[in-house]
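As recorded in Swiss-Prot:
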TRANSMEM  27-47  transmembrane segment
TRANSMEM  104-124  transmembrane segment
TRANSMEM  127-147  transmembrane segment
TRANSMEM  248-268  transmembrane segment
TRANSMEM  300-320  transmembrane segment
TRANSMEM  343-363  transmembrane segment
Amino acid sequence: MIIDTTKLQAINSFYRSESLKEVYGLVWLLIPIFILVLGIVIGVLVIVWLERQISAGVQQRIGPEYAGPLGILQALADGTKLLFKEDLLPSRGDIYLFSIGPSIAVIAILLSYLVIPFGYHLVLADLSIGVFLWIAISSIAPIGLLMSGYGSNNKYSFLGGLRAAAQSISYEIPLTPCVLSISLLSNSSSTVDIVEAQAKYGFWGWNLWRQPIGFTVFFISSLAECERLPFDLPEAEEELVAGYQTEYSGIKFGLFYVASYLNLLVSSLFVTVLYLGGWNLSIPHILIPELFGINEMGGVFGMTIGIFITLAKAYLFLFISITTRWTLPRMRMDQLLNLGWKFLLPISLGNLLLTTSFQLFSL
């Protein structure tokens, strides 16, 4: 039997090329994910450092200064210390729920970064339902907190978990009509389309000016979703010791703090995308995207400028959130629920009704 070696070599080279294509495709899929995870880690470290420095400035004291220049490595030092601490488990608690609770909270928040555009087409998943996917994913995190509180077999932890669930439900509902209003104005629920819709009219086309009521409700609701002061009822130190975190130690305790700062960064980025024009910085008479060619340039420089503008706006919102922490006193639980159900929800629904009416009359 004579075998045609030419055909055999052609078949082998074809299979090799196909396998190489699969390998290259996998590599190109993993590289953006790795870069995003690295950027998120660096962003969280910067947020922790900023919060400590701003808090020290507000309280007129010296902040962290020993770990690295200006104390910039303090968060890394704290994380390393928590990593080597003993992982204690409650003797009569549900160990399974106790162990997976922090992981669910962190993973649910990490998935939200899939639909956040950091630049022109610089997004992992440009979905047609991007903003609603974020709302759906963010509702998973309180389940992890409730599991942690229940699995701890501690009354303070359980109360903290119940408060976290109640607070999340109370403030996700007013937040959703605000996002619906933005989708109506942009004729899309894709985060990339929402940014591009704002870029059509320059600086005054930002949804901040077109939706001031929605922006205010979204800002308050996002602070409550992040459980930041004055909405940190689930872990009120004076009442619940540390809430659902009471029985935790070591790396699991650190995961809750990572989840908190990740959630704060997600909220800041969504405020930037929905209301502040995303990667576009359109100053009157000076269009930065046109000046640098952000929307046309596909190179590294254009992407870098877009990422820088997005993060600059997000960190401005972070500065406001951190300052609010040391400005307003903590609310009572009844005040918190009344604010969400009796004030923010009717206002957000009224804003949605007005937006719908204007869109219908403008057709």
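Placement of Cβ uses the backbone N, Cα and C atoms for every residue, glycine included.
In summary, the transmembrane segment (104-124) does not lie against the transmembrane segment (343-363): fewer than three C-beta pairs, each 6 or more positions apart in sequence, are under 8 Å. Long-range contacts of the transmembrane segment (343-363) within its own chain (CB-CB distance under 8 A, at least 6 residues past either end) are made by residues 171, 173-178, 180-181, 184-185, 211, 213-214, 217, 220-221.
Residues 72, 75-76, 110, 113, 124, 258, 261-262, 264-265, 311, 315, 318 of the same chain lie 6+ residues outside the transmembrane segment (27-47) yet bring a C-beta within less than 8 angstroms of a C-beta in it. With a cut-off of 8 Å between Cβ atoms, the residues of this chain six or more beyond the transmembrane segment (127-147) that come close are 97-98, 100-105, 108-109, 111-112, 114-115, 160-162, 164-165, 167-169, 172, 175-176, 179, 182-183, 188-192, 194, 225, 234, 244, 259, 263, 266, 270, 274.
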